[in-house]
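Single-structure report; data block below.
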Amino acid sequence: MNKNRTKLFLENFLIYGLGGIISKIAPIIMLPIVTRLMPNTTYYGLSDLSNITVSFGSAIAVMGMYDAMFRMFFEKDDLEYRKEVCSNALGFVLISGLIMCLILFLMKKYFSVWIFNDMKYVGLLNFTAFSIFISTLSSIIMAPTRMQNKRKVYLAANTISPILGYSISIPLLMQKNYLYALPAAALISSAIMLIVFYGLNRRWFNSKRVNVELIKEMLKIGAPLMPGFIVYWIFTSCARIIISKEIGNDFVGIYGVGARVASVSQFIYLAFAGGWQYFAFSTMKDDDQIVLTSNIFEYLALVAFSAYIIVVPFTYYIFKLLFTGSYVNGYVIFPYLFLSPLLLMLYQTIVNQFLVVKKTWPSTLILSIGAITNIILNYIMIRVIGIEGSAVATLIGYAVSLIIASIVLSKMKLIIVSKRIKIMSLILILFIILWRLISPVNILPAVFISVLALIMFIYLYRQEINTVYRNGIKYILG
């Protein structure tokens, strides 16, 4: 990879991934405080279920309009046309969001049982329904800020929003309003951000510009993206619904806390996702594009697997330090959910190669196979080993998708899967098995097998590591 492409790769990951990372930091920092203010894990579980329902409902209501809006906004360098695109996107989601909200209101008893596993939580469902409506509008109202590349404003919003949310939720928790504290804080902070961004972007929206034909054209772009979102939602959120049904909301709370701590690995993923697409398209026509992508895939795997092996031995002690009571049991799902987003990162690295032959459907199909595997294994493994089974099912689902994609793309000669990455993958699998069988609690045996695995990785990539080391010394010495 030459210097210009290396710079492009790193700069885009840093700049475009930073906004997503900032919005994720505050919930992790505040988690020990929030859990200590709650009397048991059930309340956190209910808040988690409300949160995933909002993410699902708002995405269904948006119907891909956000992506369609982005694409059509830059289709013409015409201010009036761009305003029309924004106005029609908002008009559509205003109606669809309202419909989604009304469906939940009118069928609240049914959805309360289906989502929260009890009819007595209809009040929480009402909060959830209104949050879906606000979240749906916010996604479109905030879009012009990003389309105009106002990075400072977007980064400021990602920083202020969680701070605002916790300044509302903490006082509510201290007043023992456990059920509504987190959902109410999310709703109020979202509503405030909606008002602020409407003030900033109101010139882009005009109700008199509604054009049914333009909306149809935008739906042709946006609607086909929905299956992809549903698949991702299954991977990240569906397990909580199944856990609620099978073993109860209190276990959803433990799972939710474990998943939240494990989301630190998403910082790597978000930084990657923020810049990868631009980098991939920028280098797609390069003569060595296949070799370049294959090398990036392999080196990202080395970074991801090494990070995992370094962190896992300390899992139990991290949870023991941060949490009390039943929340400590979340340590058992951390390793699997820490690795899962990193496998998704590797998957997205290689499936971009389908665009080389102008095919996008294989990516969604392969990921769907992994999602179906995830659901089936969740139902089986939760009954056998509880929330750990759910986390294992999620990891296996991602692994299945990654393996299938690697095999298919190798057969199509669009990627090179080296022997080294196969050996490294086998070492990782062996490490996970040994860690779980020997001692997930005692640190010394876990550190020992971790060091052994890292030594093997270093040996496999000794030439590259030596090159990086020598170049680093030269750079430092000038």
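Every residue gets a Cβ built from N, Cα and C, even glycine.
Quick look at what TrEMBL lists:
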type     : residues : note
TRANSMEM : 12-34    : transmembrane segment
TRANSMEM : 54-74    : transmembrane segment
TRANSMEM : 86-107   : transmembrane segment
TRANSMEM : 119-141  : transmembrane segment
TRANSMEM : 153-174  : transmembrane segment
TRANSMEM : 180-200  : transmembrane segment
TRANSMEM : 296-319  : transmembrane segment
TRANSMEM : 331-351  : transmembrane segment
TRANSMEM : 363-385  : transmembrane segment
TRANSMEM : 391-409  : transmembrane segment
TRANSMEM : 421-438  : transmembrane segment
TRANSMEM : 444-461  : transmembrane segment
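Within its own chain, the transmembrane segment (363-385) is flanked in space by residues 227-228, 231-232, 234-235, 238-239, 242-243, 246-247, 347, 351, 354, 392-394, 396-402, 404-405, 408, which lie at least six positions past its ends and keep a Cβ under 8 Å from the stretch. A contact links the transmembrane segment (421-438) to the transmembrane segment (296-319), because at least 3 Cβ pairs that are 6 or more residues apart lie under 8 A.
Note on the transmembrane segment (391-409): residues 235, 239, 255, 258, 332-333, 335-337, 339-340, 343-344, 346-347, 350-351, 353-354, 362-363, 366-367, 369-371, 373-374, 377-378, 380-382, 385, 415, 417 of its chain, located 6 or more positions outside it, place their CB under 8 angstroms from a CB of the stretch.
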